[in-house]
Amino acid sequence: MASLQSDLANQEGSAADSFEVAAAASSDCRVKLNRRSLGGLAFDVEFIDDSGQSNKTDNSDVKSSVGGGKTAVDASPSRKAQQPPQSTAVSADEIAERLAAAELRREQQLAERVGRLETKLSHVTEVAERQKREVEARTEQNLKSVEETLKAAEERRLGRMEEVKQRARGLSAGAKERSKAVREKLEAERQTLEAELDRDIRAKEAKRREQIERIVQGAQQHLAKVEGVRNQRLSTGPEQGCGDTAGTQSE
């Protein structure tokens, strides 16, 4: 936008007109017109006094006499075809008309250039707006894609967490079941051992009682024998008792 405005300002500056009028003494009156426009038309006109002396202009493509003096009219190459022949006299009105036509052409060309610049500016603005809309659409699409990606990642993370929780719950349930089974097994083993110990204890107790009973019976039998021997000794007398005692000892 700034470059287009600077171009337009430069074109308007290059199309500026200059008009210079210098008045000297009554015997030496000179008028110099220098007008340049976008049409490429330029005039250098001099009115010389009656003596016929004049200063030559730089461009002398077209020359004519006005009011008894000499007038030099210069035109750009683009306007040479429209200039009158060198032998044709050019009046001040014709020069003014040509200047007005050149001004009109300059304004038309300026308007055309301004129109082209405005068209170019509108085209550039349209392209910029279209590119802006495309960038916004791509940005929105990218944001949606990123949002969908983040959402999918969050869902995967939650799924993994739920899976880990379920696995942990399964492991915990399995551990509980295994612990329960181990406890039941240990309890069964304990009961089995207690039953075996009870059987062993009862068997040993019964055996011990049997042994005690046999010992008691043996002791009772021995005491009965001793008592019988003593009674026999008492009943037979001392001699027999001695013989019996010797026989008993021999036995």
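In case you wondered, yes, glycine gets a Cβ from its N, Cα and C as well.
Range 165-187 is the one annotated as region 'Disordered', of 119-141, 165-187 (source: TrEMBL). The region 'Disordered' annotation in TrEMBL falls on one of the ranges 1-20, 21-40, namely 1-20. Helix, strand and coil content of the region 'Disordered' (165-187), in residues and according to DSSP, is 23 helix, 0 strand, 0 coil.
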